[in-house]
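Database features (Swiss-Prot):
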type    : residues                                                                             : note
BINDING : GLY10, ALA11, GLY12, LYS13, GLY14, THR15, ARG127, THR136, TYR137, GLN199             : ATP binding site
BINDING : THR31, ARG36, ALA57, LEU58, VAL59, GLY85, PHE86, PRO87, ARG88, GLN92, ARG160, ARG171 : AMP binding site
BINDING : CYS130, CYS133, CYS150, CYS153                                                       : Zn(2+) binding site
REGION  : 30-59                                                                                : region 'NMP'
REGION  : 126-163                                                                              : region 'LID'
Amino acid sequence: MNLILMGLPGAGKGTQAEQIVAKYNIPHISTGDMFRAAMKAETEMGLQAKSFIDKGALVPDEVTIGIVRERLSQEDCVRGFLLDGFPRTVAQASALEEIMKDLGKKIDYVLNINVDSGLLLKRLTGRRICKECGATYHLEFNPPAKADVCDKCGGELYQRSDDNEETVANRLDVNIKQTKPLLDFYDELGYLKSINGEQDINKVFADIDVLIGGLA
């Protein structure tokens, strides 16, 4: 099964990715992991990526796509994979189609975990972190026993500056605008499957499981 996982920040992609790879024994391939592995192994594309990163420059698409090609050609991807964080643009998605064709494979599903942006705002702005021990809480989903005080060490809880409402709202807005063309692209190809991410996390996985179970 060859899958792509999509969803806005706070949609719960990480949790679902863990459950998918654990049950179906396929590699979870994130963009960051791909780059780190390629640079560590000093592959041709990894060395090219390193030269851009060391200069503080953006890695061009052709290098990123080359790294994806290298990674998907590896033996652990024979039974399938879960791509996370790639593609980000329609140009990258088109290049991925070519890679899959060259490998004699196809993308089975693009799973988009759908959550209303108002709920995402609540999820993302409710996070609180202990100044002393780093324990994480959520005002609604995992509140401390006593307001603004860490249950574990009694330290003061704070909200990270990038978790404030304005910053989060802007981040979501940018993500929505960036992902829409990609979702439209995959919808036209018939790959796109929308998953209700507003349910309990186990129900979200149950819905994914029903959908992809036939591919195993």
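Placement of Cβ uses the backbone N, Cα and C atoms for every residue, glycine included.
Mapped onto this structure are the features recorded in Swiss-Prot.
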residue: GLY10; record: ATP binding site; Cβ contacts under 8 Å, 6 or more apart: VAL115, LEU120, ARG123, LEU124
residue: GLY12; record: ATP binding site; Cβ contacts under 8 Å, 6 or more apart: ILE113, VAL115, GLY197, ILE201, VAL204
residue: GLY14; record: ATP binding site; Cβ contacts under 8 Å, 6 or more apart: none
residue: ALA57; record: AMP binding site; Cβ contacts under 8 Å, 6 or more apart: none
residue: VAL59; record: AMP binding site; Cβ contacts under 8 Å, 6 or more apart: PHE35, ALA49, PHE52, ILE53
residue: PHE86; record: AMP binding site; Cβ contacts under 8 Å, 6 or more apart: ILE4, ILE29, THR31, MET34, THR64, VAL68, GLN92, LEU96
residue: ARG127; record: ATP binding site; Cβ contacts under 8 Å, 6 or more apart: THR136, TYR137, HIS138, GLN159, ARG160, ASP163
residue: CYS130; record: Zn(2+) binding site; Cβ contacts under 8 Å, 6 or more apart: THR136, TYR137, CYS150, LYS152, CYS153, GLY155, GLU156, LEU157
- Note on the structure: Using DSSP three-state counts, the residues of the region 'NMP' (30-59) come to 21 helix, 1 strand, 8 coil
- Message: As a quick check of your reading of DSSP, tell me how many residues in the region 'LID' (126-163) are helical, how many are strand and how many are coil.
- Response: 3 helix, 13 strand, 22 coil
- Note on the structure: CB neighbours within 10 A of ARG88 (AMP binding site), counting all protein chains shown, number 15
- Summarise the model confidence on the region 'LID' (126-163) as a single mean pLDDT, whole number. 94
- Query: What Cα-Cα separation, expressed in whole Å, is found between CYS133 (Zn(2+) binding site) and ARG88 (AMP binding site)?
  - Reply: 35
- Note on Zn(2+): the CB centroid of CYS130, CYS133, CYS150, CYS153 has further same-chain residues inside 8 Å, namely LYS131, GLU132, GLY134, ALA135, ASP151, LYS152, GLY154, GLY155, LEU157
- Taking the Cβ of THR31 (AMP binding site) as the centre, how many other Cβ atoms fall within a 10 Å radius? 18
- Note on the structure: By the 10 Å Cβ-neighbour count, the most surrounded of the binding-site residues CYS150, CYS153 is CYS150
- Mind telling me which of the binding-site residues CYS133, TYR137, ARG160 has the densest Cβ neighbourhood, counting other Cβ atoms within 10 Å? TYR137
